[in-house]
Structure formats: C-alpha cells, structure tokens
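Annotated features, as they stand in TrEMBL:
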DOMAIN    4-62  domain 'Tudor'
REGION    51-144  region 'Disordered'
COMPBIAS  55-75  compositional bias 'Low complexity'
COMPBIAS  76-95  compositional bias 'Basic residues'
COMPBIAS  99-110  compositional bias 'Basic and acidic residues'
COMPBIAS  126-141  compositional bias 'Basic and acidic residues'
TRANSMEM  215-234  transmembrane segment
TRANSMEM  254-277  transmembrane segment
TRANSMEM  298-317  transmembrane segment
TRANSMEM  329-348  transmembrane segment
TRANSMEM  459-479  transmembrane segment
TRANSMEM  485-504  transmembrane segment
TRANSMEM  525-546  transmembrane segment
TRANSMEM  566-585  transmembrane segment
Amino acid sequence: MPNRKFADGEVVMGRWPGSVLYYEVQVTSYDDDSHLYTVKYKDGTELALKESDIRSQSAFKQRKSQSSSSSPSRRSSSRSRSRSPGRPAKGRRRSSSQSREHKDDKKKTISETNLAPLVLKPSENNTRRYNGEPDSTEKNDTSCVISEQKLKPDLEIARVLEQYSLRPRKEEKKKEEIYSEKKTFETKKVIEKASLKTIEKAPSKTKELEFGGRIGTFTLIFFLPATVLYLLLMCKQDDPSLMNFPPPLPALESLWEARVFGVFLLWFFLQALFYLLPIGKVVEGLPLSNGRKLQYRINGFYAFVLTAAAIGTLLYFQFELHYLYDHFLQFAVSATAFSVVLSIYLYIRSLKAPEEELAPGGNSGYFVYDFFTGHELNPRIGSFDLKYFCELRPGLIGWVVINLAMLLAEMKIHNQSMPSLSMILVNSFQLLYVVDALWNEEAVLTTMDITHDGFGFMLAFGDLVWVPFVYSLQAFYLVGHPTAISWPVAAAITILNCTGYYIFRSANSQKNSFRRNPADPKLAYLKSIPTATGKGLLVTGWWGFVRHPNYLGDIIMALAWSLPCGFNHILPYFYIIYFICLLVHREARDEHHCKQKYGLAWERYCQRVPYRIFPYIY
C-alpha cells in the first residue's frame with residue numbers, strides 16, 4: 001500500500017494540466033494503481049493529477065513569499081546601499097551640491113527612458129480559450145501583467161544606474177540574468193493562459209465498468225452474434241411467433257461458404273478504396289486529450305454515389321442481386337467472422353499504443369472488457385482511420401444495398417411487377433436516414449463513438465454486422481410475410497417519419513453548429529450556460545425542450561419503419577424495442593459523462609431542462 005501525501009478532503013493547490021498555474025482544489029480520492037489523485041476545483045471540474053502536481057497551501061504560500069522577497073528591485077536597492085568592493089573604506093566624499101546634481105542627472109535619464117509596460121494581447125481565438133480554465137484565472141492574469149509592469153522599470157533603472165555604479169560588471173550581469181529568467185517565467189504564464197485549450201482528463205485506468213463489467217462483456221461477445229442468428233432464422237419461418245422458439249437450426253456446414261466470404265471481403269475493400277480516393281474536403285476532429293487534432297476526409301456521400309453506380313452497372317448486366325437474400329444467413333456469419341478477426345487485430349495493436357492514445361472507457365486493465373469496448377481510441381494505418389471508416393461505410397451503405405436486394409427478392413418470389421407499398425416505405429425511410437448520415441458526415445466527428453469510445457468488438461461487430469443485418473430486419477421480414485397497407489395509412493406513417501426526421505436533423509444541426517462556432521450570428525437566438533471547459537450547454541431550441549432531442553427523433557423514426565410490417569407479429573418491432581433500450585443506456589452514460597465533465601454547470605442545466613428524452617414523461 002503506497003504512502004499518500006494528501007488525504008481525502010484536504011484543500012491543496014493543484015497544477016492545471018498543461019500549464020504552470022496552480023489553483024485551490026480539494027482532494028476527493030486516490031487511485032492506488034495509477035497513483036493519481038482525483039481533485040475537484042471550485043467550479044466543480046474534476047481532474048486526475050500526479051502527486052508532483054500538487055502542493056500544500058502552506059508550502060505554496062511560503063514559496064511565493066520567498067520569491068517576492070528576492071525580487072530584482074529589492075536586490076537592486078540593497079546592493080545600492082552597500083559599499084562597492086572596489087571602493088576604499090575611507091575616501092573623499094562628494095559635496096552636497098555635487099551629490100544633488102548627480103541625483104538630478106539620474107532622474108532626468110530615467111524619465112527619458114521608455115518605461116512602457118509589456119502588455120500581451122492575445123488574439124481573438126485565444127481570448128475565447130480563456131473559458132477553458134477555472135474562473136479564478138482572471139485574477140492571475142492581472143497579477144502576471146502587474147508583475148511585468150513592475151519588473152520592466154526595475155531593469156531600466158538598473159541599466160541607468162550601471163553607468164554610475166562602481167560595482168563589478170559580473171555582478172550586474174548576474175542580476176540581469178536573474179531578472180531575465182523571472183521575466184521569461186512570468187511572460188510564459190501569460191502566453192500559456194492565452195493559448196490554453198479545453199483540456200480533458202488524461203487517460204487513466206477505467207474505474208466504472210459498463211455493460212455488466214467483465215462478466216457482462218464476456219456474455220455479450222457470444223450473445224450478440226446469437227441474437228442476430230436467431231432473428232434471421234425466425235424471419236425465415238412461416239410463423240415467426242415467439243411461441244415457436246427455438247427455430248430449427250441449420251446444419252453448421254450450411255452457415256459457411258467461401259464464395260460468400262469472398263464477396264464480403266470484396267465489398268469491404270471496395271469501400272476502403274472509395275474512402276482513400278482524394279475527393280472531398282479534409283477537416284479536423286475535436287481536440288484529443290493531448291490537444292492534437294486528427295484529420296478526416298469527408299467523402300462518404302461520394303462513396304455512396306460510386307456504390308450506386310456500381311450496383312446499377314451490375315443490374316444493367318442482369319446480375320442477380322437477390323443472391324444476397326438467398327445467402328443472407330451466410331453473409332451474416334461471414335461478417336461476424338471478419339469482425340472477430342478485426343477485433344483481435346485491434347486489441348493486439350493497442351497493446352503497443354501510447355498511453356494518451358488509449359480510450360477513456362476501454363483502459364480497465366481487464367482483457368475481456370477492453371477487448372469488447374475497445375482499448376485504442378483512434379487506431380490508424382497511416383492516414384486510414386479504421387474506426388471512422390467502419391462507422392459509416394461498409395455497414396451503413398451495405399444496409400441500403402441489402403434493402404434493395406430484399407425489394408428485388410420480393411418482386412421475384414411473389415411475381416410482382418412492382419414492389420409492395422410497405423416495402424417501398426421501408427426502403428424510402430431508411431434510404432433517407434442513410435443519405436442524411438452520409439451528407440452530414442462531418443457531424444459524426446462530435447459523437448461519443450468517435451470522441452470517447454475505443455474501437456473494439458462492440459463497434460466492429462455493431463458497424464459490420466448489427467447495422468446491416470438487424471437494421472434491415474423489416475425489409476427481410478416483408479419478403480416472406482407481405483403486408484398490404486392502404487394509402488391513407490401509408491400517408492400517416494410518412495408524416496410520422498418526417499416528424500421524427502425533422503426533430504432528429506434540426507436538433508443535431510443545432511448542436512453541431514453551436515459546437516463548431518458558438519459565435520455564429522445565425523445562432524444568436526440560442527441561449528446557453530457557460531461551463532469550465534469553455535463549451536456552453538444549450539438551454540433553448542430543441543436542447544431546451546429535452547436533454548436528448550436527437551434520441552426522441554430516432555425513436556419516432558424507428559416506429560415509422562416498423563409500422564408498415566403490420567401487427568401480426570412482434571418480430572419487426574424488435575428494432576424499436578432494442579433501439580429504446582440502447583438510447584436509454586446511452587442517455588444514462590451521457591448523463592454520467594456530462595456530470596463529470598461539466599460539474600455544477602450540468603446540474604444547473606438539468607434544473608432548466610428536467611426531461612431527458614420524452615417530454616413530460618422521461
């Protein structure tokens with residue numbers, strides 16, 4: 001058990017990460033593994049600091065008083081009162097008139113010397129970054145400038161007195177070096193404060209485990225693939241009722257086919273090729289914990305257009321796209337196998353990743369948990385970002401291709417010249433959702449998947465298997481269980497989907513625009529609560545209605561996607577049940593994360609906006 005220097009509850013002086021500034025903080029806890037103290041600032045911000053970055057208040061005040069007592073001005077005055085070593089003990093004294101004239105000459109010389117204080121004026125962008133520090137830094141700003149104003153005249157006076165002093169030049173040079181070092185230190189503090197960006201807590205051991213911890217994540221590694229297999233097998237049954245559980249299991253050899261796996265690999269690397277094309281703009285993501293910003297090429301919509309052209313070419317040459325429907329289960333197994341291999345590779349390479357590149361939520365030290373949640377935050381091969389690529393490309397675009405294959409399979413199996421109205425609605429609604437995500441691709445850079453979650457089995461399986469094969473469940477269901485709906489019902493479902501989409505898109509647009517440029521004149525009507533991180537919390541618009549309006553829009557759209565399948569079976573509504581559970585989990589995680597990040601500001605926000613997802617309900 002290592003010795004602790006500071007006890008819980010003790011009020012000390014903590015260094016703000018990335019600077020030389022100390023603020024009054026309170027010790028809340030100590031981690032024996034990482035040897036880090038968790039401290040709380042006056043504004044509610046909590047950070048993890050090393051013991052070397054913490055000073056006791058008594059030692060801090062004593063050190064400060066010693067530095068002030070040895071200031072250049074006092075040393076200068078004490079030296080001026082002492083006799084120069086080169087001067088004899090007894091000698092002629094100047095007359096009073098000569099002495100008076102000599103003092104007048106010195107005053108005249110000093111008055112002619114430029115004594116303009118050094119004032120550092122940070123740029124407009126740096127001024128905004130002041131908000132990334134605790135409120136008490138404003139006083140330290142003033143003290144730094146005052147120190148400059150005091151120290152600069154002292155040096156000028158010393159230079160003038162040097163002309164009339166008989167002290168050795170070596171002593172004067174030493175005094176200037178001491179002043180220069182102190183001046184550099186004081187100026188550095190002002191510059192660092194002006195350029196300080198929002199600083200996140202350095203990655204440390206993950207203490208609070210999600211998904212049931214090690215046992216829960218171990219279970220999910222097997223439960224998630226089994227769930228996908230169960231849903232697809234049930235949709236193939238004539239009566240997909242829950243009472244028919246379990247569905248008949250196919251032979252193991254029928255679940256795997258090398259040709260299907262080859263087609264999946266071809267699809268994956270084709271999307272990787274589209275990702276590498278030098279088209280589309282390059283933007284920077286949000287700052288990482290070390291202040292660095294990664295660059296991302298925004299060309300997802302171009303990849304979608306190129307994919308549509310490739311699929312159109314295949315259909316023109318009479319390629320049977322319903323091959324996907326005939327081998328749908330085998331494609332799901334191939335995608336699962338690929339995601340497992342990718343997850344193993346990601347975990348092995350993460351073992352060599354620097355500490356600052358590890359994910360905040362995937363650094364527990366437990367193999368199973370870190371393998372599931374993702375150990376490395378942004379794994380890259382050169383400029384190829386694996387997590388960002390999988391987030392929107394193979395799975396999301398593949399979802400649309402699968403829906404199209406189900407539409408063509410329905411027409412072929414039921415000998416229809418046109419797809420059913422239910423199939424058209426499902427394809428149209430989900431196509432809109434995918435195109436919107438790709439058109440607003442830059443917005444994904446601000447999501448927790450990119451900024452907080454590591455890339456492990458959870459995201460690899462979710463992006464490559466769960467999204468394309470579970471989100472397309474309604475279209476797959478309609479192929480074997482056609483449902484007829486009337487035009488008025490179709491119109492009502494369309495209005496419901498459009499309402500959900502409007503809430504989803506306008507809420508996300510508000511948030512993303514505000515994060516990118518809070519000073520945008522177009523957002524002048526929005527009000528926000530300032531936080532210690534420099535970011536604001538919106539309390540008007542959609543984010544003043546509920547805390548997660550984008551989740552509300554998601555749930556409304558998910559309901560509209562399921563309604564065209566009718567009410568004969570609950571299976572098509574699995575997606576919305578899962579989606580509500582997922583969003584409630586994410587909402588709880590967001591609440592916890594925001595409370596830690598924004599402190600008291602988040603509590604004030606929750607008082608202003610009491611409802612989380614559903615107004616007047618939850």
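Placed from the backbone N, Cα and C atoms, the Cβ positions cover glycine too.
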Inset, instruction - Report yes or no: does the transmembrane segment (566-585) come within contact of the transmembrane segment (459-479), defined as 3 or more CB pairs under 8 Å with a sequence separation of 6 or more? - result: yes
Legend entry - Sequence-remote partners of the transmembrane segment (254-277) [C-beta within less than 8 Å, at least six residues beyond its ends]: 297, 299, 302-303, 306-307, 310, 327, 329-331, 333-335, 337-338, 384, 389, 393-394, 397-398, 464
Inset, instruction - May I ask for the residues of the chain that lie six or more residues beyond the transmembrane segment (459-479) and have a Cβ under 8 Å from a Cβ within it? - result: 224-225, 228, 231-232, 235, 240, 268, 325, 328, 331-332, 335-336, 338-340, 342-343, 346, 374, 387, 390-391, 394-396, 398-399, 402-403, 406-407, 409-410, 413, 420, 422-423, 426-427, 430, 449, 453, 561-562, 564-565, 569, 571-572, 574-575, 578
Inset, instruction - State the residues, same chain only, that lie 6 or more residues beyond the ends of the transmembrane segment (215-234) and have a CB under 8 A from a CB inside it; answer 'none' if no residue qualifies. - result: 240, 244, 246-250, 328-329, 332-333, 336, 368-369, 371-373, 457-458, 461, 465-466, 469-470, 473, 476, 571, 574
Legend entry - For the domain 'Tudor' (4-62), residues assigned helix / strand / coil by DSSP: 9 helix, 28 strand, 22 coil
